[in-house]
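Taken from TrEMBL, the feature active site, charge relay system applies to A:LYS78, A:SER169. Summarising the annotation, TrEMBL assigns active site, acyl-ester intermediate to A:SER193. What TrEMBL lists as domain 'Amidase' is A:28-482.
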Amino acid sequence: MTELTHLTIAEARDGLKAKTFSATELAQAHIAAVEKAKALNAYVLETPEKALAMAKASDEKIAKGEARPMEGIPLGIKDLFCTEGVTSTAASKILGNFKPPYESTVTQNLWNDGAVMLGKLNMDEFAMGSSNETSAFGPVVSPWRREGSNVSAGASGQIEGTHLVPGGSSGGSAAAVAAHLCLGATATDTGGSIRQPAAFTGTVGIKPTYGRVSRWGTVAFASSLDQAGPITRTVRDAAIMLRSMSGPDAKDTTCVDLPVPDYEAAVTRGVKGLKIGIPKEYRVDGMSPEIEQLWHQGVEWLRAAGAEIVEVSLPHTKYALPAYYIVAPAEASSNLARYDGVRYGLRENGKDIVELYEKSRAAGFGREVKRRIMIGTYVLSAGYYDAYYVRAQKIRTLIKQDFEKVYADGVHAILTPATPTAAFGIGEKGSGDPVEMYLNDIFTVTVNMAGLPGIAVPAGLDAQGLPLGLQLIGRAFDEETLFAAGQVIEDAAGRIKLPQPWWA
Amino acid sequence: MSVDEKTVRRIAHLARIAVTDQEVPHLQGELNAILSFVEQLNEVNVDGVEPMTSVTPMTMKKRQDGVTDGGYPEKIVQNAPATEDNFFLVPKVVE
């Protein structure tokens, strides 16, 4: 029998139902794997007692024949989701001791469907980053290594050598799924934070349409862009998990009142007769030839499966990233105003209330977060609002119209690379110029700006043996087509062989 | 556009983040790198374009204007660094 930690969610669900193993055994196998993988720094908090209690409850449900859609499935939860009574930090010092007295809608939906929580996952602070290097808990080590690299598990429990980043901001989620430390993980995506780490780690990640998933109880970064989604090892697993995470929520007015389709049923639909667009503006300078080759391969796979391929134009693509770096920091500066050292979180005393605020926030926020709050404050300040913020929101309208025109011409989905390069090493990017790091999101950020769904699917390895991903962008609320086309790519590429546990 | 040291200090104060003298030049460089990156947006003709206010066309959900939750002040203040009798404590604001 396959190791329990190497099952897919679909296989585990079927095995539990057939009583081949119990939810308790499945949880125990994962707790042991997590225990041996501390050096990866993927989990910031492990909750084994909670996992075993939830697994026991699942075993009782299964015994009574009342198994729910995610019954007994052990998951990792990104530390951006508030979990009742369990420390939730957003990987920031400012929330270091925060124990929410409530549960986020996404996690509550998963528990209502029977899922089991293994712990909280590392991430970039407040989800601001593309490499997991901005976390107050330190970076996550990618389970992937370049061929012939010197990275190894050191004697002291510390990783030796220059390791790779897992991407970000959902770096802990992607690393945990790729290293078999959970069957699936929750993640969030504001500019690419699900799809870029999925591409870097050979996993599947979907950012659903804005409004598909409730944002209630998820620590806010940029409210008009943030959406939660799953990271899993297969397209089918992403479909199973997204269905449980989604749905209307009275507590979030931007969460739509639309029924959630049976995404798993869409996985086997195929792409026969679908029109897939290839946007010429995504052929950017400096894109690696391997990514170009992979993209071409993806086109051929979809064509062979019966899709019609058409070239399309999204003329405002190059302006999405600069517009994002106005809109997202502006919203962040407003959202993060709540961390004042008064109602919750870290406090540094001062001689008056203003000094208390200034010292608390200086001590609690990391460098990247401070930088973004300050940019946001500047672009919203008197005299600059129209020149920066209003202009960026107008450009956002143009970006959305680009997509609307393409879809009005009958295109069902758009195929692009997920990232311009494979994973890079820790400390390699953004130390001098923050924009160098931001360019990671060049292919993913347009999707958030337009509120559309996007999925990253592993499609091959580069010459160094590192995974590369393709992205499919869909019409609003048509995640089903993404699962159908994603499965075609997964079938054609073959499941990526994930790394052996060299860290254990 | 670019910011000088004085503007960096002003933004930091507006954002209520204390900055040290050593931090200011670094922040200035980083903020200017971002501002120069977003400069390219000026190439785009945005005449007659409506700024985006809602990314998905939808009408705001409404409900009866009534109290549906609450009555647990101790939960509200449980994470606060300093409280007394279910009130948040701050330094004296009004003399």
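Backbone N, Cα and C atoms are what each Cβ position is placed from, and that goes for glycine too.
TrEMBL labels come from automatic prediction, so no person has curated them.
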Check: Including all protein chains displayed, how many Cβ atoms other than that of A:SER193 (active site, acyl-ester intermediate) lie within 10 Å of its Cβ?
Finding: 35
Notebook entry, point to check: For A:LYS78 (active site, charge relay system), what is the secondary structure by DSSP, using just helix, strand and coil?
Noted result: strand
Next item on the list: Express the predicted model's confidence over the domain 'Amidase' (A:28-482) as a mean pLDDT, rounded to an integer.
Entry: 96
